[in-house]
Every structure is written in structure tokens, then in C-alpha cells.
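Record features (TrEMBL):
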COMPBIAS  36-48  compositional bias 'Polar residues'
COMPBIAS  88-118  compositional bias 'Basic and acidic residues'
REGION    1-130  region 'Disordered'
TRANSMEM  143-162  transmembrane segment
TRANSMEM  174-193  transmembrane segment
TRANSMEM  236-257  transmembrane segment
TRANSMEM  282-308  transmembrane segment
TRANSMEM  329-347  transmembrane segment
TRANSMEM  353-373  transmembrane segment
TRANSMEM  385-404  transmembrane segment
TRANSMEM  449-471  transmembrane segment
Amino acid sequence: MTLQPADRVAYNHDLTPVEDAGIEGHFQQLPGPSRPRQTPHTKSSYSQEARAARRASAASRAEYDVPDTYENLGETANIPPVQNPDEESVHRYETLEQERAREQSYARDRRRPDEDPATRAAVQAEEKAEAASYPVSKKETQFYTLSYLIFFSIFGTLARLGLQAITIYSGTPIIFTSVWPNFAGSVVMGFLAEDRMLFRQEWASPSSNGADTERGSVSVDSKGARKAHLAIKKTIPLYIGLATGFCGSFTSFSAFMRDVFLAVSNDLPATNAPNRSGGHTFLAFIAIPLITISMSLAGLFFGAHMAIFLEPYTPSLPFLFTSKILDRLIVLLGWGCWLGAIIMSIFPPHDSWRGTATFALVFAPLGCLLRFYISLRLNSRAPSFPLGTFAVNIFGTAVLGMSWDLVHLPVGGVIGRQVLQGIQDGFCGCLTTVSTWVAELAVLGRRHAYIYGAGSVGTGLVMLVAIMGGLRWGDGWNPLVSTH
């Protein structure tokens with residue numbers, strides 16, 4: 001049973017502070033005929049709840065002083081794809097709009113100009129003391145996060161190019177290769193968003209009686225602690241690297257929109273019949289969005305269901321290994337792999353490597369980092385419309401369209417075409433994302449999700465028609481000279 005806002009059931013007031021802060025959104029029926037009903041949230045209560053949740057979350061972080069702006073990432077929204085994994089009969093579902101509204105209220109509350117100087121000084125002193133309590137400073141946390149993003153953007157790009165290569169074969173039933181990386185990346189995203197085991201040691205440690213506790217106080221398996229655990233794991237640089245870096249780079253919104261345009265222009269492989277009616281063009285246009293979006297959403301929920309099913313068997317990453325060894329090792333791996341890709345592009349063992357992979361690996365971290373910072377800046381602007389994800393998807397689609405046109409013009413040499421191919425596969429592929437996009441669609445309110453989804457696809461297609469359509473339906477594309 002799904003409860004609408006008007007049908008809210010009472011809170012359980014017999015909770016510890018951490019559970020009470022984390023249980024927002026998990027309402028349940030209580031025994032007794034005369035229990036009071038909780039009134040709907042007001043604007044003032046939003047900031048109080050946000051502060052309480054922040055205090056609970058901060059109390060449980062063991063290592064990282066995480067910037068508040070990390071909450072704006074679409075991959076770190078504190079709402080899993082499956083909000084009722086235990087299939088309770090009474091459950092209240094939250095939306096991304098509600099989560100972002102609380103964050104905005106919290107941010108406004110911190111900037112209140114009417115606060116008296118004594119209170120402001122006390123808050124600042126508390127924040128300084130909290131920052132000093134973290135073994136890993138904010139600058140170190142940001143540096144580790146960037147290193148993870150660089151490494152996993154390269155890894156995600158290689159996975160995308162490899163999966164596309166093995167799904168091109170004679171007689172394939174799906175003739176556009178972008179669908180498979182988008183599906184696979186969404187599966188991984190769903191698993192990471194729902195998983196409660198991989199980063200369990202970041203949140204809980206075994207107590208003397210054998211029960212898992214939140215640093216020895218609250219069970220991870222309680223409802224409130226589960227939600228708090230979701231919030232905490234999404235502040236860990238390794239998780240951000242996997243979700244934002246790997247999944248975001250494995251999937252590509254710009255490649256998806258390119259295939260939509262090629263279907264409209266009758267240029268997909270094995271479909272370019274000499275004569276095609278307008279009705280067939282329309283069917284080709286709607287087929288690719290329907291298949292890609294439905295498969296990506298299905299992949300997201302399949303990954304989440306797999307995380308729930310495999311929970312008893314999923315190991316936990318050792319806390320000391322991730323915080324003391326892997327964080328430091330990833331600095332060498334991430335920046336070293338990027339430098340290696342640059343060197344191999346300058347001195348390749350074979351010239352074909354440039355167009356196949358190395359230029360894409362050089363541009364991949366640039367696209368991923370740009371997406372990361374734009375999401376930090378813009379996603380909080382409109383709770384019901386993730387502006388950062390929308391902006392990078394549309395901008396990356398436009399850059400891909402321009403690169404595609406330049407590759408199909410009779411200008412430049414082989415290396416120039418290889419660079420343009422690297423921009424399409426690396427920069428645009430990592431700048432744009434489907435996994436984050438469908439994760440946001442899954443937790444937005446229904447009306448806002450349709451507006452956001454249709455607006456993204458419609459704007460992307462209009463952008464490509466304006467950029468690629470002029471050349472395609474004007475002078476026409478020249479046959480592509482091999483970029484390998």
C-alpha cells in the first residue's frame with residue numbers, strides 16, 4: 001500500500017536519535033487506538049529535519065570530511081530505487097523533489113541573515129570542531145574523489161567500447177550498439193544504489209554480542225539505520241567513483257541521441273533502405289527511445305533487486321583497506337593511467353590504437369570531471385528538474401553532433417579524425433550519462449519525471465537536427481574515411 005501525503009501514519013516516537021533522524025519516509029502503523037497523527041511537514045520543519053539528519057550522519061562518518069555540495073550529485077540522492085525492499089503493507093514513498101527541498105532548506109537555514117552573532121559564532125565553532133574531528137580533511141577527500149573519478153572514467157570508457165565491439169555481429173537483432181552499455185551501466189547503478197553490504201564496515205562494526213551496530217549503537221538492519229546507511233555510503237569517495245565515474249562513463253546519453261537521429265535520417269546500419277515512408281520514419285524514431293529507456297529503467301531495478309537478493313552473500317569491503325590503502329593507491333592508479341593514455345597517444349605501438357581507444361581515454365576524465373562539477377553546481381537549483389544532469393547531457397550531445405559532422409567532411413587527415421572520434425567516445429561519452437538520468441527518473445514524482453524525461457530526449461533531438469541535419473539533408477555526409 002502506497003500512502004499519499006494526506007494519508008500519513010504516525011511516527012514511532014520510541015526511537016533513538018539516529019533512528020529518528022534517519023527514518024524520514026518510513027511511516028508505520030502503531031498499536032493502540034488513540035495514537036496521535038503526525039501533521040504534514042511545514043517549511044520550518046524541513047530545516048529542523050535536515051539538521052537532525054546531518055548531525056546523525058556526521059556522527060557516524062569515520063573518515064571523510066565531505067563537502068555539502070556532494071549531496072547535489074544525482075548518484076548520491078538518499079533515495080534508493082527500491083524504497084520498500086521488505087514489501088511492507090504500509091509504506092510512504094519519497095521523491096527526489098522532497099529530498100532536494102530539504103537540502104535547500106538546510107542550506108538557506110545556514111545562511112540566515114537574522115541569526116544573532118552569538119548563535120552564528122557558536123555554529124561556526126561547532127562546524128570547525130566537526131571538521132577537525134575527521135581523520136581525512138575536506139581537501140584530501142576531494143582529491144581522493146577526483147582520483148577515483150579519473151580512474152573509473154577510463155575503466156568505464158574501456159567497458160563501453162568493449163561491449164559495443166562485441167555486440168556488433170552479423171544478424172544482430174539490435175542494430176544500435178548504445179543500448180547495451182546503457183543497460184549494463186544502469187544495472188550496476190541500481191546495485192550500488194540499493195546495496196547495504198559493500199560499505200557496511202564504513203557504517204557499522206561488530207559489537208560484543210555479535211550484532212552489527214552503528215559504531216556500536218544502532219543496528220544497520222533497522223529501518224532508520226538503513227536510510228542513514230544509504231546517506232553515509234554515498235559520501236565515500238570510492239562509492240562516488242563507482243557511481244559517478246564508472247556508471248556515468250559506461251553509459252552515454254549522447255550516443256543514445258546520436259542513434260535516435262540516425263534512425264530518423266535513415267542512416268543506421270542495415271536499415272538504410274532507399275525509400276522509406278514517413279510512417280516508417282516515425283516508427284524508427286520512437287523505437288530507439290522506447291527500447292533504450294525501458295531497458296535502462298529495467299536494468300536499474302534489476303540491479304537493485306539483485307542487491308537485495310544477494311545481500312546475505314555480498315562481502316563487505318574491509319574498512320582499513322579502503323580508507324588506508326585503496327584511497328592512497330588510487331591516486332597513483334588514476335593519474336598514472338591518465339598519463340599513460342596520453343603517452344600512448346603520442347607514441348602508440350600501432351597507429352590504429354589512437355582511433356580505437358587511446359584518444360578516447362585521454363578525453364574521458366575531462367568529460368567525467370566536467371559532469372561532476374556541473375552537477376555539483378546546478379542540480380540543486382530546481383528540485384523537480386535535475387538541471388546539472390540535463391545541462392551536461394544536452395551540451396555533450398551538441399559536441400558529439402559537431403564532431404560527427406566534422407568527421408564526415410572532406411577535410412583533415414587521419415589523426416584529426418582520430419581526435420574527433422576520441423572526443424565522441426571519450427569526452428562526450430563520459431560527459432553525458434544514462435545511468436544517472438534513469439536513476440533520477442525513477443525517484444522523481446510522476447509528472448516531473450515525464451517532463452524531465454521528455455524534455456531531455458526532445459531537446460537532445462532538436463539539438464542534433466539543428467547541428468547534424470543541415471549537413472545531412474543539405475550537401476550530405478561524405479563517406480567516412482577509416483579513423484583507425
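For all residues, glycine too, the Cβ spot is worked out from N, Cα and C.
Among 143-162, 236-257, 329-347, 353-373, 449-471, 449-471 has the largest number of CB pairs under 8 A with the transmembrane segment (385-404). In this chain, the transmembrane segment (449-471) lies out of contact with the transmembrane segment (143-162); the count of Cβ pairs under 8 Å, excluding pairs fewer than 6 apart in sequence, is fewer than 3. For the transmembrane segment (449-471), the most Cβ-contacting stretch among 236-257, 329-347, 353-373 is 236-257 (pairs under 8 Å).
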